[in-house]
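**Q** The compositional bias 'Polar residues' feature in TrEMBL is assigned to B:347-357. Here TrEMBL flags B:335-357 as region 'Disordered'. What TrEMBL lists as transmembrane segment is B:16-34, B:54-72, B:79-99, B:105-125, B:137-156, B:176-196, B:226-245, B:257-274, B:281-303, B:309-329.
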Amino acid sequence: MTDSRPVLTMTGISKSFPGVRALHNVDFRLFPGEVHALMGENGAGKSTLIKVLTGVYGIDEGTITLGEEQVAFNGPMQASAAGVSTVYQEVNLCPNLSVAENIFIGREPRRFGAVRWGEVRRRARQLLARLDLDIDVTAPVASYSLAVQQMVAIARAIDVQARVLILDEPTSSLDAGEVEQLFRIMRQLRDEGIAILFVTHFLDQVYGMADRITVLRNGTLVGEYPTAELPQLALVEKMIGKELDVLEGIEEHSRRDLAALEGGTPFMEVSQLGRKGAVAPFSLTIHAGEVVGLAGLLGSGRTEVARLFFGADRADRGEVAVSGKPGGLRNPVQAIERGIGFCSENRRAEGIIPDLTVRENMILAMQASRGWLRPIPRRRQDELVEQYIKALSIRPANPDVPVRNLSGGNQQKVLLARWLITEPRLLILDEPTRGIDVGAKAEIQKLVVQLSDGGMAVLFISAELEEVLRLSHKVAVMRDREMVAQLNNDDTVNADRVMQTIASGSQREEADK
Amino acid sequence: MNNAKDRYRTILGHRLFWPVAVLVVMLLANTIYRPGFLSIEVNNGHLYGTPIDILRLSAPLILVALGMTLVISTGGIDLSVGSTCAISGAIACLYISQAPDQNNLVTVFTALAMALGVALVLGAWNGVLVSVIGIQPIIATLILMVAGRGLAQLVAEGQIITINSGPFRAIGLGHFLTLPLAIFIALGAALLVAALTRRTALGMIVESVGGNREASRLAGIRSARIVFLVYVVSAACAAVAGFMMTANVSSADGNNTGLWVELDAILAVVIGGTSLAGGRFYLSGSILGALIIQTLTTTVYAMNISPQTALLFKAVVVIAVCLIQAPAFRAKFRRRGRGTPPPATPSPQQQKQEVPA
């Protein structure tokens with residue numbers, strides 16, 4: 001906002017995919033030295049706009065002007081050479097290459113054609129030092145956590161003499177401390193005159209960082225606003241395009257009496273279940289109609305617990321009983337037979353089958369449990385798919401589009417549908433709302449409440465404490481790969497108390513039994 | 001509903017458009033060069049002519065390509081099919097050659113059953129290496145590709161087994177309803193594989209495993225089993241192809257039966273539009289690919305291209321076919337050719353073509 005001339009102008013941008021109109025006549029401006037938030041629901045076209053800008057996709061219509069000249073990049077490489085660098089929502093690094101190699105891939109410093117590896121490592125260390133990250137730059141990227149990988153991606157982006165830095169959901173896998181660290185870097189870069197395009201679903205972060213906001217909805221431009229002049233509620237309304245009663249509706253859902261639930265027969269009981277190197281032995285009981293929240297920091301073992309519950313990993317100790325019947329969960333097939341469903345947190349690697357259509361992705365689990373010899377009749381498929389596309393308001397509402405053409409949030413809903421179709425008795429949701437906008441988040445939360453009211457047990461995992469507390473009857477707290485407490489979610493439990501438990505780990509409460 | 005069906009048809013037509021075009025161009029070129037190329041004559045109640053020959057000779061390749069399509073769809077590859085052809089052919093010929101009456105139908109069918117059984121075991125071996133032990137498919141099947149030639153030699157004791165069996169010979173050269181029997185066998189196998197994959201949910205499950213193996217496992221698919229199965233199917237297809245190859249010449253040569261057929265089959269699959277990375281597969285495309293390759297081979301002979309340059313000629317045509325089909329290449333070509341920005345409102349048809357698959 002210091003300069004009156006935009007560094008980047010996009011005018012009348014349109015882009016379609018088969019069966020999906022992703023962007024329609026969108027304008028966008030970016031000034032030097034500002035942080036500009038791009039907001040919108042899932043499928044609003046945020047990621048597409050960024051990919052069009054960096055040349056990942058060609059444009060159907062419209063022009064892009066960088067500085068004084070009109071540009072049309074034919075790939076991210078060319079874009080970053082021109083000063084437009086991107087860090088994508090899903091970390092795009094080569095996991096088998098070292099940190100240093102990843103940072104300099106494609107633009108290694110050379111002498112007589114040979115890569116100067118010493119220089120590569122030295123400069124990588126320097127760059128990471130700027131981000132306050134002290135790690136071994138020769139170790140493969142895969143050996144670090146997602147958060148560190150994200151930082152490496154950012155380091156790569158800022159090393160190029162960037163005029164425009166695009167951060168697409170950079171914070172969705174970072175914890176609070178790391179987010180603060182990232183913001184410090186963002187402010188530093190902004191003060192250096194770099195224009196930062198920032199996409200996030202966390203409203204607090206938008207109001208903490210952004211100078212201006214551009215809102216997209218359904219692939220069209222809603223408007224561009226200075227942050228100070230757009231109250232939070234107004235922003236959300238502009239994103240969703242309707243009054244915000246959804247969110248308030250679930251604020252206080254009638255929490256069923258825990259005692260009544262616990263009085264019923266337990267659906268699943270595990271005792272001293274554990275897996276070496278993944279999670280210490282724990283015991284947990286889930287009753288029909290009960291929502292058990294799993295709270296804890298990133299890497300505290302939440303996902304590991306979920307995977308043991310589903311048989312995705314094999315437990316090396318402990319007992320499991322489902323509906324009173326003991327028996328090991330050796331693989332997902334057995335878990336599904338017992339009425340358990342599992343939405344992985346890692347949508348791309350463990351969830352969607354990108355080539356298959358929305359329909360096929362939805363019916364996959366049901367088909368798998370029927371066996372390949374008994375295909376689901378087409379009419380039944382149509383019924384189911386139509387029902388869930390409507391119930392979860394999946395966009396586009398076309399079952400025959402390849403699922404990779406859908407936005408992240410809609411892919412998440414397709415996965416939810418995949419499991420709901422199997423009518424599970426226990427649904428394990430690992431970070432179902434990560435990287436998802438407010439509207440869809442509220443819908444998913446509401447769904448969890450409905451499902452549990454209908455008698456389904458839910459194991460709900462989320463990094464957002466508020467969400468866990470809002471939905472759960474019981475909260476299990478994870479810390480350092482150990483279940484340190486189980487709290488009945490009554491009036492005495494609040495975010496502070498859970499946070500203290502996470503922090504101290506000393507407050508062991510066996511709510512269950 | 002109708003609209004969706006129409007669209008499906010357009011996409012389908014679009015996908016096979018280039019392979020068909022290439023095939024037509026090749027046939028046309030041949031006809032111009034030698035006007036009698038497409039003529040078919042009736043002789044002895046059988047049809048004869050170059051087109052019929054192409055169909056007959058492409059039958060083994062079609063069979064191998066069918067199995068290969070499924071394997072490639074799971075993200076794998078089967079290099080051992082040529083060796084499997086040789087082994088199954090050798091076993092069948094060996095058994096028949098040692099029988100007192102080589103024309104006995106029971107003898108021939110026993111021979112076929114034995115050879116097929118051995119092929120299934122070989123397929124299971126590949127399947128176990130890939131799905132249970134987890135060796136990369138290209139390495140796992142390379143083992144049998146190399147060792148298999150030795151096995152075939154061993155079966156034949158280093159000799160070329162020559163037989164004189166009418167029923168066996170019929171697999172390669174016999175006729176049925178005026179057409180070569182081999183065409184019907186290939187067609188039957190194609191229909192069988194199509195029914196097996198598209199009338200059941202197997203096709204979708206194979207594509208799912210090829211598209212994302214871990215996600216498929218977490219959705220309750222026994223991925224390892226599916227992977228195992230496709231290698232067995234591939235070996236079975238190769239065995240039948242091996243019967244045809246040996247029946248064509250009434251002899252089994254462990255060294256040369258089905259030599260390099262794996263490469264032609266992979267090529268046919270790729271020309272047919274199935275990605276080597278796994279995922280979606282197209283049986284009709286693979287069959288078309290096999291026809292293209294056989295037409296090309298016949299063309300090389302028909303045009304008297306010297307054997308020294310024949311392989312180079314084939315390579316050039318194949319590269320051209322693959323490039324024409326690649327959406328990225330076409331897009332690049334179009335952009336350069338036009339030199340102007342795309343029209344203001346592209347029709348839906350154009351949008352479909354321009355998005356990379």
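The count begins at 1 with the first shown residue.
Using N, Cα and C of the backbone, Cβ positions are placed for all residues, glycine too.
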**Q** Which of B:16-34, B:54-72, B:105-125, B:137-156 has the most Cβ pairs closer than 8 Å to the transmembrane segment (B:281-303)?
**A** B:54-72
**Q** Between the stretches B:79-99, B:176-196, B:257-274, which wins on the count of C-beta pairs under 8 angstroms to the transmembrane segment (B:16-34)?
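**A** Against the transmembrane segment (B:16-34), the leading stretch is B:257-274.
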**Q** Between the stretches B:54-72, B:105-125, B:137-156, B:176-196, B:309-329, which wins on the count of C-beta pairs under 8 angstroms to the transmembrane segment (B:79-99)?
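**A** Per the Cβ count, the answer is B:137-156.
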**Q** With an 8 Å cut-off on Cβ pairs and a sequence gap of 6 or more, do the transmembrane segment (B:226-245) and the transmembrane segment (B:309-329) reach 3 or more such pairs?
**A** no
**Q** Please give the sequence-distant neighbours of the transmembrane segment (B:257-274): residues at least 6 beyond its ends with Cβ less than 8 Å from one of its Cβ atoms.
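**A** For the transmembrane segment (B:257-274), the far contacts come to 15-16, 19, 60-62, 64-65, 67-69, 72-73, 77-86, 89-90, 145, 152, 238, 241-242, 245-246, 280-290, 292-293, 318, 321-322, 325.
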**Q** Using a Cβ cut-off under 8 Å, which residues of the same chain at least 6 positions beyond either end of the transmembrane segment (B:54-72) come close to it?
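**A** Those are 78, 81, 85, 137, 179-180, 182-183, 185-186, 189-190, 193, 197, 206, 210, 230-231, 233-238, 240-242, 244-245, 258, 261-262, 264-266, 268-269, 272, 274-276, 278, 281-283, 286-287, 289-291, 293-295, 297-298, in sequence order.
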**Q** Looking only at residues six or more beyond either end of the transmembrane segment (B:105-125), which have a C-beta under 8 A from one in the stretch?
**A** 80, 84, 87-89, 91-93, 95-96, 99, 144, 148, 165, 167-168, 228, 231-236, 238-240, 242-243
